[in-house]
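**Student:** Annotation source TrEMBL lists compositional bias 'Acidic residues' at 516-527. Per TrEMBL, the feature domain 'Major facilitator superfamily (MFS) profile' maps to 28-510. What TrEMBL records for 514-540 is region 'Disordered'. The transmembrane segment annotation in TrEMBL covers 23-49, 69-92, 104-123, 168-197, 217-236, 299-317, 354-374, 381-401, 407-424, 445-468, 488-506.
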């Protein structure tokens, strides 16, 4: 077969595809994964402290209930990092294909470290200045986090072997689960320490005394600790050589690619510059993102990866960021006035930590262990289908779940939606865009797909904040919404659409990156194969 013969095009790429699992694979997973650990910690820890921010800066002692962030401030604090992430995914995704993965990787990490620390600072102590400072630095924190998505995925895919590539990329993304879990645990520890050191009564017993002055340090410490894991991995991230696929196929330097991978793989690899030039001449790998060739070969693929990620994140982030409000509605977290400020932080963190431990983290690792056995396509379909089922299972008998004695059942069902999000599209939408596009556009296309996801996250988080309001008794400052039950119906519909759009995405299990992207084909093969733009998934 012509394709099989052309798979021998460069020894350095064949060596990477066939390499046995080695220490450098695990090093790459840890180095890239700690970026995602930091990303998740930074993005999700804000939801743990928003109630505290409302108490500290917006409490009116004349009112029966403690203060909460005004709707516009809450939307800005929760959503501004997503706006920065979306911009960063597009910008750094493009830059990663222009300047190389390694150099841009360092920029994103430094930005995350600096902005994590700065987001815990403020220029003064008035509510307006504190929130403005927080939003400013969380935007740029999100910008750096955005760059980590396409670069981490691309680097891991280009380092991995063909047999276990899915598991390696999934393992990097699975660090997000540990980041969410770490955010909850850190918040539990810090809030417990401050509660022990500065005990306070409930708001209904002593309105002024329920929020101790030292509580202002709690949210700052939690946010600033997000810099630690990123800072610890910076040295190792800078020691990683540029990926051979970028060096060879984009920079067209076969000698450097062979030298770098000879050190990594600890084998002798020929440079084969002549073969590289023949390969570049043989296929039309120089087409641009907006060309007809790209549209013919990969247009449907990009539509598929972007729409599935967009739809998934509408559902995923609307739950993850505002699950504390659902817990309140089922009385798992008591009413705010019955607690002190620090006790409320503790209870919110405990609820989110339990969900992360029982539903979020296990789902990621099921994907790691099964993705190269079952395949990306099947896992994504299963995930979207089961998320639809469980959300309907929550929505249809919603009044049953919210009656006394049935709350634990609600939480179990809710945890299963997270499990199948992570053992499903939340992992696969990250993995597949790093595998199916050409090396010269891989980071860019992953960034576009990820940015579509963050657009969904913005819609989900902002929309759910308003939509989930009780139609008869909305929270202070909010207009009546459609309620939690109807919001769950909307989210189930998004998951069903995601199930349908999955059929636009090809299966990449067991195939080399060059085979998936068409870089292993010459023009004649590509035309004979019908352009390479699969309209239905192919099994490996």
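Cβ atoms are placed via backbone N, Cα and C, with glycine included.
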**Student:** In the same chain, who gets a Cβ under 8 Å from the transmembrane segment (104-123) while lying at least 6 residues past its ends?
**Tutor:** 35, 38-39, 42, 88, 92, 95-96, 129-130, 133-134, 137-138, 140-141, 143-148, 151-152, 155, 219-227, 230-231, 233-234, 237-238, 240
**Student:** Same chain only, please: residues at least 6 beyond the ends of the transmembrane segment (69-92) with a C-beta under 8 Å from a C-beta of the stretch. Say none if there are none.
**Tutor:** 42-43, 46-47, 50, 53-54, 57-58, 104, 107-108, 131, 134-135, 138-151, 317, 321, 443, 447-448, 450-451, 454-455, 457-458, 461-462, 465-466, 477-478
**Student:** Looking only at the domain 'Major facilitator superfamily (MFS) profile' (28-510), report the model's average pLDDT.
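**Tutor:** Within the domain 'Major facilitator superfamily (MFS) profile' (28-510), the model's average pLDDT equals 87.
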**Student:** May I ask whether the transmembrane segment (445-468) has at least three C-beta pairs under 8 Å with the transmembrane segment (168-197), counting pairs 6 or more apart in sequence?
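**Tutor:** Contact absent: fewer than 3 Cβ pairs fall under 8 Å.
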**Student:** Who are the chain neighbours of the transmembrane segment (445-468) in space, where the CB to CB distance is under 8 Å and they lie at least 6 residues beyond its ends?
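**Tutor:** Residues 71, 74-75, 78-79, 82-83, 85-87, 89-94, 96, 146, 149-150, 153-154, 289, 298, 302, 305-307, 309-319, 321-322, 325-326, 429-430, 433-434, 437, 478-479, 481-484, 486-487, 490-491.
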**Student:** Between 23-49, 354-374, 488-506, who has the most Cβ pairs under 8 Å to the transmembrane segment (299-317)?
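**Tutor:** Selected stretch: 488-506, with the most Cβ pairs under 8 Å.
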**Student:** Mind checking which residues of the chain, 6+ beyond the ends of the transmembrane segment (488-506), have their Cβ under 8 Å from one of its Cβ atoms?
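**Tutor:** Contacts of the transmembrane segment (488-506) (Cβ under 8 Å, skipping residues fewer than 6 from its ends): 300-301, 303-305, 307-308, 311-312, 314-315, 318-319, 376-377, 380-381, 384-385, 387-388, 391-392, 394-395, 398, 425, 432, 436, 460, 467, 482, 516, 534-538.
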